[in-house]
Ligand SMILES: NC(=O)C1=CN([C@@H]2O[C@H](COP(=O)(O)OP(=O)(O)OC[C@H]3O[C@@H](n4cnc5c(N)ncnc54)[C@H](O)[C@@H]3O)[C@@H](O)[C@H]2O)C=CC1
Ligand SMILES: CC(C)CC(=O)C(=O)O
Ligand SMILES: [Mg+2]
């Protein structure tokens with residue numbers, strides 16, 4: 001069966017990094033992986049072409065695809081655009097919601113070759129392998145009402161609603177516990193249940209789910225403490241399960257433990273296993289167009305796509321080994337550059353991964 005992959009390069013460094021992941025997918029194709037790539041527009045790229053960040057055509061193509069590979073969206077060109085529903089980020093959120101991609105998996109794995117690139121001492125991070133499970137279609141990013149208002153005295157305000165419902169909490173909780181069973185059987189649920197009602201319900205439901213998983217250890221941590229613990233002693237964590245906003249922030253923090261945000265891939269899955277795969281970072285406008293961005297997070301996201309949505313785990317393993325191989329060779333983009341290593345461009349890094357992939361049959 002032909003695997004239909006929708007590629008959405010997006011904005012900023014998006015086109016540069018997705019091009020490198022596509023090279024790796026092409027190498028899979030050359031070895032018999034049956035796929036068809038379809039290209040589409042989202043974010044600022046779509047706004048420039050059609051006036052909206054998520055054209056109907058893109059959403060339909062997303063529904064029709066077996067998996068989606070996305071670069072990143074957003075940038076200064078569109079950040080003050082009105083109406084705000086038409087800003088690039090709404091295109092990304094629209095796909096997540098439209099396909100009900102509620103389970104965002106963000107693995108923070110330290111490649112041993114990058115121990116020196118981590119912001120923490122090697123002994124604190126060596127062997128680091130955390131799975132952050134972030135709820136992706138609820139929380140304050142989607143809660144209504146939201147908007148701006150004005151008080152009687154003329155003071156303006158902005159407001160959002162943090163709402164978590166039982167169904168959403170249960171399904172993401174189960175995702176986390178199921179994953180923990182395949183790992184080290186430890187789930188840490190991160191919330192702010194000392195202050196927020198939405199978090200109090202979250203914690204109650206997590207405790208309830210835990211009754212079905214007596215073999216998995218559940219702990220709870222407040223988000224402020226978790227942010228601190230993640231840089232104090234990150235190896236205490238196995239699976240972290242948390243809400244949309246806390247997970248967004250914690251995963252960027254965790255990325256620095258692995259050397260760079262350019263190393264952190266992600267999978268966003270729905271109940272039928274369909275998924276969107278994208279690096280955890282944004283469109284990096286500060287380095288866009290210079291061929292210096294790290295494409296490895298996107299290449300590793302393509303590997304997650306092969307593992308989680310397209311039933312080709314052996315190709316996923318091989319891509320991950322190829323990434324290890326290029327790091328062994330001492331090849332580094334600017335963000336993970338180390339003394340004695342060889343600095344390479346975005347496209348040189350992609351070429352090197354393809355070369356290693358072909359060699360590591
Ligand atoms: N999934 C998405 O499409 C996301 C989009 N955004 C959007 O991206 C734009 C920029 O947001 P920022 O807050 O600056 O976050 P960002 O993640 O784009 O960049 C933060 C910093 O990390 C660096 N960086 C990011 N990816 C890199 C890579 N692959 N290689 C080397 N360095 C890398 C950037 O150069 C920058 O210094 C905004 O419009 C934001 O809304 C932000 C996060 C996620
Ligand atoms: C548009 C943002 C919510 C995207 C983001 O920062 C993320 O998913 O990490
Ligand atoms: Mg983010």
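We number each residue from 1, going along the chain as drawn.
Placed from the backbone N, Cα and C atoms, the Cβ positions cover glycine too.
A quick note: this is a predicted structure, and the numbers were derived from the prediction, not measured.
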Site-mate of 96, 106, 224 for substrate in TrEMBL, selected among 134, 146, 183, 185:
134
If the criterion is a C-beta within less than 6 angstroms of any ligand 3 atom, which of the binding-site residues 96, 134, 248, 286, 290, 292 pass it? List them in sequence order.
248
Suppose we draw a 10 Å sphere around the Cβ of residue 192 (site 'Important for catalysis'). How many other Cβ atoms does it contain, all chains included?
19
The answer, for which of the binding-site residues 286, 292 has its Cβ ringed by the most other Cβ atoms inside 10 Å, is 292
Can you tell me how far the Cα of residue 224 (substrate binding site) sits from the Cα of residue 252 (Mg(2+) binding site), in Å?
15
Using a 10 Å cut-off, grab the number of neighbouring Cβ atoms around the Cβ of residue 106 (substrate binding site), all chains included.
25
Among the binding-site residues 224, 248, 252, whose Cβ has the fewest other Cβ atoms within 10 Å?
224
Between the C-alpha atoms of residue 96 (substrate binding site) and residue 141 (site 'Important for catalysis'), the distance in angstrom, to the nearest integer, is 11
